[in-house]
């Protein structure tokens, strides 16, 4: 029988014969599943892997790049994936890299790291301080990349145990750049069943993880309003229409949206953080520009808040005989939905993290008013996001994210890498029976 006939026969047998479930594999037995996180953590703690992750992170930290400018970071990632023999797509969303480990068949599960830095000057003096003036990794994205590469190394070393495909998402432009949306638009989540992501946390103990089902981060948007009146001399205000007075009334009235209109059990924030108008002590300006942010934990509340912000600005300006235009930067997509963790994936996270570090180190988190563009993924497929502790009290207090003195405790890296790898590998093993042969699609990158 020639080769093509053998291939046809195997295809037909696979089509009509039942596919073995994960329970048929020794590594997929109940005991085998619980051992995966422990084995992966031991692997991640090997000095050669730990030192490699630290080295990767420090290289990225020295050369920070802003959103959609992460060309050198992307090059470094691709170089390391090439060394590991991991296939990938590039470029995706300008600088993004999408790697693939496994069979190329369903189920597909994604693990994600963001790559971009912030436009700020690093003030901390140390050997690997940023070499680029005015740019700094002050939110841990350099650490996120290092840990995802660490997870890739773990998974590639254990690729025979992977029953499906792990998609590695190295994402550009998380810091208000809409990187997640661009990746979605380019089809990165096609056929992907679930996605996991993490963020290092300065105020949680190293070796601990915090998260919960449901909302954990607020949705946010920006607004800017130009309030126009009629300028004139400050000594004869009756001949002017004062936009500064109108803007002041607007700001006070906006605070009432939370204090008098919002349900106290439904947290919301409206903050005016920008006020620009006038340039002289004795001149009433023609116009004033104000701007700020608004945040909420549900899309319904978010949209209601947006509607009322515009209504209040226009209405209060009119009371003072002024006109107002309001911009929510819709075209620039400067808004994020709430970060809402999938309930089923929360159970999966509890099981995996509990098996790795002990359930006493897996803790609930209080929802935060901060936002994360991982939420865009969660609007498309089930997603789960958690915080990885890195505080060591014996080494002193760590500064919070976006501080010019921000530091990363690299001792957290084995936990982040192993959790990434374990969440993905266990997901594929546990959800294998739910994917039928007819749903199988191959990724030609593998």
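Every residue gets a Cβ built from N, Cα and C, even glycine.
Curation does not apply to TrEMBL; its annotations are automatic.
For reference, TrEMBL has these:
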type: BINDING; residues: 139, 141, 175, 199, 402; note: Mn(2+) binding site
type: DOMAIN; residues: 221-315; note: domain 'Peptidase M20 dimerisation'
type: SIGNAL; residues: 1-23; note: signal peptide
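Each of the binding-site residues 139, 175 was scored by how many other Cβ atoms lie within 10 Å of its Cβ, and the smallest score goes to 175. Per DSSP, the secondary structure of the domain 'Peptidase M20 dimerisation' (221-315) breaks down as 39 helix, 33 strand, 23 coil. Taking the centre of the Cβ atoms of 139, 141, 175, 199, 402 as the Mn(2+) site, the nearby residues of that chain (Cβ within 8 Å, site residues left out) are 114, 116, 118, 137, 138, 140, 174, 401. Counting only same-chain residues six or more apart in sequence, the Cβ atoms lying under 8 angstroms from the Cβ of residue 199 (Mn(2+) binding site) belong to 140, 144, 372, 385, 386, 387, 388.
Sequence-distant contacts of residue 141 (Mn(2+) binding site), defined as residues of its own chain at least six apart whose C-beta falls under 8 angstroms from its C-beta, comprise 113, 114, 115, 116, 117, 174. Sequence-distant neighbours of residue 402 (Mn(2+) binding site) (same chain, six or more apart, CB under 8 Å from its CB) are 118, 120, 138, 139, listed in sequence order.
Mean pLDDT of the predicted structure over the domain 'Peptidase M20 dimerisation' (221-315): 97.
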